[in-house]
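Visitor: Can you keep this structure in mind? I'll have questions shortly.
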Amino acid sequence: MLRFRRYRVFLVFTVVCLLAFYHLGTSPAQWESRAEHSVDVVKERLGLREKAAQEQEILKKPDIKPGIKPAPPLPTRPTTKIAPPPVPPIDKPVQNTPADLAPKPAVPAPKVPEVKEEEGRLRILPRPPPADALKDMPTEHPEGRWENDQLPLDATQIRWERPTEHFPVKSTMQLPTGTPVPIPRIQAKFKKETAAAKSDRLEKLEIIKEAFLHAWGGYKKHAWMHDELRPVSGKHHDPFSGWGATLVDSLDTMWIMGLKTEFAEALEAVDKIDFKTSRRADIPIFETTIRYLGGLIGAYDVTNHKHPVLLEKAVTLAEMMIGAFDTPNRMPDTFYQWKPTFASQPHKASTRVVLAELGSLAVEFTRLAQITKEPKYYDAVARITDALYEWQNRTQLPGLWPLYVDASGCKRKDYSSVWQGAAYDTAGDSVEVASSASRGPTEVKVAPALLFAYEPPPKVENVDKKDGSEPLDLPPPVAFDVKGTNKAKRDAPSVPEPNSIFRGRGASDVSSVPASVPECIPHGLDSPTTGSEDFTLGSMADSTYEYFPKQWVLLGGRVDTYKKMYERAIAVAKDKLFFRPMTLDGKRELLVSGTYHVTPAISEADPPTGKLSPVGSHLTCFVGGMLALGAKVFDRPADMNLAARLTDGCVWAYEMTPTGVMPEGFHAIPCADEKDCPWNETLWHDALDPPGEQKWRQQAYLRDTEYYESEVARLKAPKAVETATAEAGYGTKKESVKRQVDLDRMVHDAAGEPTPTKKTEQEEEWTPPAPATTTELVPSIPRPSKPLSHAQYAKKRIEEERFPEGITMMEDRRYILRPEALESVFYMYRTTGEPYWRTAGWKMIQAILKHTRTPLAHGIVDDVTKTIPHPGDSMESFWLAETLKYAYLLFDDEEAWSLDDWVLNTEAHLLRRPDAGRKE
């Protein structure tokens with residue numbers, strides 16, 4: 001039965017909802033007319049209708065009658081611009097060239113394929129963005145490999161256009177001329193091989209060639225003209241601008257292996273590559289130089305200059321990249337924004353550049369300058385060399401460079417005195433700060449003065465209020481000229497009453513700021529931080545050091561700077577980086593190149609402190625080959641032993657894993673005595689489980705045991721029945737009835753009737769659960785486990801993490817098809833002629849091919865410590881350009897591609913030496 005008195009509130013609400021629905025459910029036209037009428041009524045009452053009509057009338061174009069001149073525009077304040085000082089011409093860098101080798105008159109350059117510019121195109125940029133526009137735009141994070149390559153193509157393809165140079169050099173450094181310095185023979189003299197040895201060698205060459213064709217076939221079928229093939233899924237990947245990195249990187253490898261048909265097909269594809277456009281907004285200068293530029297020049301050299309299209313493409317690419325060097329200090333912008341809108345603006349190098357990306361451009365640009373007789377390519381990299389040479393002995397570890405470099409050319413500004421409350425008499429004043437003696441020659445650091453110092457505005461009393469609005473008395477806006485152009489940056493925002501808000505000592509107006517305040521205090525290369533730094537010959541630094549002996553050879557020994565830098569670096573590396581790892585075979589004298597961590601001194605009187613990190617990495621395996629080459633060309637026979645020990649250290653790193661393949665990175669135990677280092681299992685276990693961790697585990701066990709016992713005792717203790725009852729339910733029957741009565745009272749009060757004195761319906765009684773008794777089971781509490789002993793813990797770590805003997809950590813268990821270990825094995829065999837290196841190299845090659853092969857090509861190994869690893873879906877171009885090339889050259893005829901005729905860049909592209917054919 002429906003009780004109207006109880007539910008009439010809900011009935012009233014229903015009626016209201018129905019009326020509202022009917023009222024708002026009228027046609028849209030009626031609603032709009034009503035709304036418009038309502039708005040008009042409001043405007044009419046507020047007097048806004050007439051004002052709006054007047055504004056519309058003003059906005060209309062006035063009719064100008066003949067003979068009547070329009071009113072002149074309101075006068076505007078002139079814009080005051082603060083022009084920076086003009087950019088001085090860049091002086092010619094000083095290279096250590098012997099005095100008797102003075103530059104001779106330039107030889108007429110041969111005809112070089114001209115880089116054709118697009119005709120009939122006029123790019124109009126009415127309002128180009130300022131030089132710092134990139135700071136305000138969400139741009140791609142700079143990195144050599146661009147992983148986010150699946151963006152849609154632009155509807156309108158943007159193409160590169162030659163920009164105007166903003167910072168021209170005063171004079172271009174020419175290639176060194178004169179008689180080259182006699183370079184000692186690099187390769188060993190090999191004996192004539194037997195028929196059986198030759199047959200075995202040729203069989204190995206066929207296996208390596210088949211591996212190349214297998215990978216090349218997969219790339220050609222599934223990723224043709226793209227950068228990389230994904231060898232598991234069969235997809236393609238474009239991390240390097242989408243210009244076909246694998247295609248260009250593999251050209252000289254195919255020629256060396258005698259794959260002339262594949263080379264001809266690839267050559268036709270190279271002719272179709274358009275280097276003047278890319279889906280990527282920036283050009284990674286380092287990766288583009290070693291892979292594309294080096295690949296094109298190398299293919300041009302190994303084919304004896306028979307294919308002009310290779311040189312044409314190389315010149316086009318070099319002309320595009322040369323704009324990255326157009327900076328105030330000529331240090332390159334390593335991630336060059338090539339699109340005309342950005343390339344046309346002045347730019348400078350970054351304050352945080354990876355060392356290898358700055359110092360690994362010399363060989364390719366120098367060889368291009370030699371071929372084309374165009375000195376600007378050599379000039380670009382020679383200035384980097386001079387800057388590195390000048391800074392080498394002023395780093396925190398003199399002789400080596402840190403992994404990151406501030407290449408901006410601007411000294412770091414010291415604002416410490418500003419925050420300490422230093423007074424500034426004028427806006428142009430500055431404070432001198434003493435430099436640190438540990439960072440090289442004494443210099444004066446200049447901290448720019450604050451342009452404005454804030455003070456609270458003065459209180460103004462008895463100011464007459466005026467009706468209406470008046471324009472504020474604003475100062476002239478401040479505009480800044482971009483260096484090298486007439487385009488202005490964004491104007492500074494106008495600020496009311498500048499004399500009261502922006503008030504410096506003696507400064508009265510923004511326009512009075514002197515134009516001599518420098519935005520950049522010129523400075524050489526420097527560290528981007530004042531904190532700790534890492535020094536290594538491995539990742540992010542490797543090819544900088546690798547290029548010193550190679551560039552010296554390529555220039556015929558005429559520039560002594562490269563030899564000096566190499567010798568300085570190797571002396572420090574011997575003392576700080578090289579260490580002997582403790583191995584199971586204590587008689588094997590191995591060496592590994594580690595990382596040295598330097599912490600700056602707390603005070604200027606104290607020297608910085610350093611510590612060796614005994615880490616081995618696949619990237620540092622090139623060091624053995626570099627030392628072997630340096631030992632020959634610089635006549636340093638003692639370094640040959642170091643080269644052999646370092647290379648054998650990488651051979652050992654291959655042998656120590658179940659797969660026979662070296663991991664990307666690992667930690668070993670350095671020997672205390674380099675000459676006597678027997679196996680010590682106790683020391684290994686202590687490294688895996690330091691004594692401090694044992695003590696911590698024991699203390700944690702005691703704390704957990706104490707807590708466990710206290711909880712068990714608490715739960716077993718008897719409990720009061722009242723407490724158990726109160727905790728068991730949500731309330732008594734009396735409280736439940738009271739809540740129901742209160743609810744009825746609220747409903748009846750809302751209806752305006754008296755509250756009933758008794759319940760109208762029989763409520764179902766709620767019965768609380770029975771109270772818990774002390775005889776019930778105590779809740780389960782996990783009992784702490786007794787910690788493992790020192791020996792048990794170390795053994796468990798070794799088993800679970802699959803550590804080889806002497807290894808304490810695996811930073812990266814992958815093998816990503818890297819070539820560095822085979823590279824050093826190749827150099828050791830060519831420079832010594834010892835058969836050991838061919839034997840060791842073949843074991844490495846067999847293990848690599850076994851675990852990397854996929855149905856389509858070859859993929860990375862996910863974990864070299866597994867017995868049966870899984871191939872990863874990645875195959876970088878250096879697998880075909882370097883790894884398989886070094887494997888092939890290791891067993892090829894030693895005189896076919898002799899190191900006395902060729903220089904290999906860091907991507908293993910063969911560049912012909914100018915003195916090729918001459919043997920000492």
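Just so you know, glycine gets a Cβ as well, placed from its N, Cα and C.
The structure displayed is predicted, hence computed values, not measured ones.
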Visitor: Do you know which of C520, C621, C677 TrEMBL records in a disulfide with C650?
Guide: C621
Visitor: Between 63-120, 121-178, which stretch does TrEMBL give the note region 'Disordered'?
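Guide: The listed stretch tagged region 'Disordered' in TrEMBL is 63-120.
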Visitor: Out of E287, D542, E664, E820, T906, which of these recorded positions is nearest C650 (disulfide bond) by C-alpha distance?
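Guide: Result for C650 (disulfide bond): the nearest of the recorded positions is E820.
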Visitor: Out of D542, C621, T906, point to the one nearest E820 (active site) in space (Cα versus Cα); all of them are recorded positions in the record.
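Guide: Closest by Cα distance to E820 (active site) among the recorded positions D542, C621, T906: C621.
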Visitor: Taking DSSP three-state, what's C650 (disulfide bond) in: helix, strand or coil?
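Guide: Going by the DSSP assignment, C650 (disulfide bond) falls within a helical segment, counted as helix.
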Visitor: Between C-alpha atoms, which of these recorded positions comes nearest to E287 (active site, proton donor): D542, C621, T906?
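Guide: So, of the listed recorded positions, the one sitting closest to E287 (active site, proton donor) is T906.
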Visitor: Among the recorded positions listed here (D542, C621, E664), which has the Cα closest to the Cα of T906 (Ca(2+) binding site)?
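Guide: Comparing Cα positions, the candidate nearest T906 (Ca(2+) binding site) turns out to be D542.
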Visitor: Distance check, please: Cα of E664 (active site, proton donor) against Cα of D542 (active site), rounded to an integer number of angstrom.
Guide: 15
Visitor: Output the one of E287, E820 that, of all these active-site residues, has the highest number of other Cβ atoms within 10 Å of its Cβ.
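Guide: The residue with the densest Cβ neighbourhood is E820.
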Visitor: Among all chains shown, work out which of the active-site residues D542, E664 has the most CB atoms within 10 A of its CB.
Guide: D542
